[in-house]
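See structure below.
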Amino acid sequence: MKADLLQRFIFDELDIRGELLVLKKTVQDALSRHDYPQAIQSLLGQALSAGLLLSATLKIKGDTTLQATGEGELRLLMAEATHRRTARGIARWEGAPDSTSLKQLLGNRAALAITIAPQNGQRYQGIVPLSSDSLSACLEEYFERSEQLATRIWLYESNGCWGGLLLQQLPAARGGEYSAENWERIVALSATLTADELFSLPAEEVLHRLFHEESVRVLQEEPASFWCSCSEERTLEVVKSLGREEAFSILDESGEIEMNCQFCLQRYSFGRERIEQLFDSPTLH
């Protein structure tokens, strides 16, 4: 499957939908801005993949944020994906983490939060304790605990590529045991997918190999990319939240107010004239 593409599909005769995703440049662009240890690079690539897969299950316009926190060597793992199939991410750590276990890296008080923020509508957040070693297992536990639609996620990484497969049970039209049997069969078939197949074969061939006895409708593929939503306007909103007294105190001490985006490291610098305009004007411009 080509890199930096998301392929959605649906089983016409079943109440199940799915997604395939392969990322390369998207993750590389997020990693290149920071000096992450190898273990953190791996997990952040998985988180970006998971964020894009989850966001594609939603019909709304807005952002989906996945955030894992704890008190271990890995303090924060965060990925944010949009309905435009763009993503950004960040991680914070201490020491020299080298474990492949997410649970071990996060340590005590580990938790996973998923936040859905529609452009128009009410923000939703669900938080669950994090108790599994892999991110995919933690996400599946989240869906089980939050009593949402049955969802399975497989995440893959190999030779500088990341990706995944997501399955989701739709609200059953037939109901009962018949739908449960369909779901279990499709899950079992999906579990046979290998990283080599996902990263080297076209999406249509991957789906044919997995589900050649099923009726699968392949939807239009969608490009994915790294994109940071930081801007001068948003940064000025942060400056304004400091208050006039604090902002001008920084100006008196440093001659300017400088801020760097934590995701893309873009630098924003504002002199006295711009800050005076900010506090003298009722709106940002």
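Backbone N, Cα and C define each Cβ position, glycine as well.
Remember, predicted model here, so these are calculated numbers, not experimental data.
Per Swiss-Prot, these features apply:
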type: DISULFID; residues: CYS228-CYS230; note: disulfide bond
type: DISULFID; residues: CYS261-CYS264; note: disulfide bond
Around the Cβ of CYS264 (disulfide bond), other Cβ atoms found within 10 Å total 19
CB neighbours within 10 A of CYS261 (disulfide bond), counting all protein chains shown, number 18
